[in-house]
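Quick look at what Swiss-Prot lists:
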BINDING   3-17  FAD binding site
Amino acid sequence: MKVAIVGGGIIGLFTAYHLRQQGADVVIIEQGEPGGWSKAAAGILEFTRFVINRINVRSYPKRYLSMALRGDARIKTWDWRWISAYLRAWGREPTQDMWEAIKTLGEYSWRQYRALAEAENDFAYSEEPLYEVGIDVAAALEEAKRDPLSPKVETGRCCGREALVYLDAAKLSTEDFVARMLRELQGVQMVRRRAQEVAGREVWLEGGDVVKADAVVVAAGYWARKFGIPVAPFKGYGFRTTAKAQSMFIEMTKGVAVVPLPKWTKVTGRFDLDGTEDHSPSARVLQRAREVLGNFEVLDMSVGYRPCTPDGFPIVDKVGEVVIVTGACRLGWTYGPALGKLAADLALGKPGVEALTARRFRR
């Protein structure tokens, strides 16, 4: 069976990985560098904690407006269909079925990363605490007690301040992990072209060529909006730097995540509703990071567009004959292994997970 995957980000790569394990012939269609749009992520994995994605809680618009007024967020892409879906989802609590699905995604992904690291840890995988500073720690502890995923948290100190310590976290080097996945996928056909349209089992490429397959998976982030999926691009910036840090932490008041790795320290920031190629806010990330870390050199910068649904939960569904996997927002890396497996299973004719379908936005 031949499966064409549109999108070579982390979820597209995991989809290809699982399809290949099940004996499928796979072709990945990606206009840029495979994994290129995913490298900007910090590499923080939060398997039992979803709070960072809860963008539809009633308090979130006020928080986002505060970020924008401080200059730490902006809106450049006005997708009125997405905004309309957001207003309908605003304040809506997830179903128990959704929480069960998310719990299963986290458990599966955790096992997958561990297994890959045990085979060869060439991507700096490490399970260690994540510190959050600049928050109301007491309130966060109370919130964690009510969390359906039962995250392990405690009070600690980081950067000379009181912090919430999330104990189930892990980290990896996104750059090194993409390289690892490409080695795992040696022999998979890579088509470095832009996909213009998907029609049933055909992918029409820029220039007029057509890729035909027995099944098509679209794992191309917010491009899924072409299929009527409510998903929007929230841009972020990632820097490999020479900064020094003892622990993995997020400075919430400045909107900066810091991940120390063996060869560099990753610094990331911004959550801009922005699908443009204007990357000028990246300077603000560095400014904010230097307020925390002092001066450092930048080795390189990468940009990513997090595909976010109005409720922050991912979608794995079929639209006609096409499998769509998107919408994991800030947790695409955390749930990448499991979402790739679900997308692969759908492409092979296996059943999906009802809670993760797009039907929840049509109710």
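Cβ atoms here come from the backbone N, Cα and C positions, even for glycine.
When the binding-site residues VAL3, ILE5, ILE11, LEU13 are compared by the number of other C-beta atoms lying within 10 angstroms of their own C-beta, VAL3 comes out lowest.
According to DSSP, ILE11 (FAD binding site) is assigned to a helical segment. Around the Cβ of THR15 (FAD binding site), the number of neighbouring Cβ atoms within 10 Å comes to 32. Packing around TYR17 (FAD binding site) is summarised by its Cβ count: 21 other Cβ atoms lie within 10 angstroms of its Cβ, all protein chains included. DSSP classifies TYR17 (FAD binding site) as helix under the three-state reduction. Under 8 Å, Cβ to Cβ, and six or more positions away along its own chain, GLY7 (FAD binding site) finds ILE28, ILE29, GLU30, VAL218, ALA219, ALA220, GLY221, TRP223. The 10 Å shell around the Cβ of GLY9 (FAD binding site) contains 28 further Cβ atoms across the protein chains shown.
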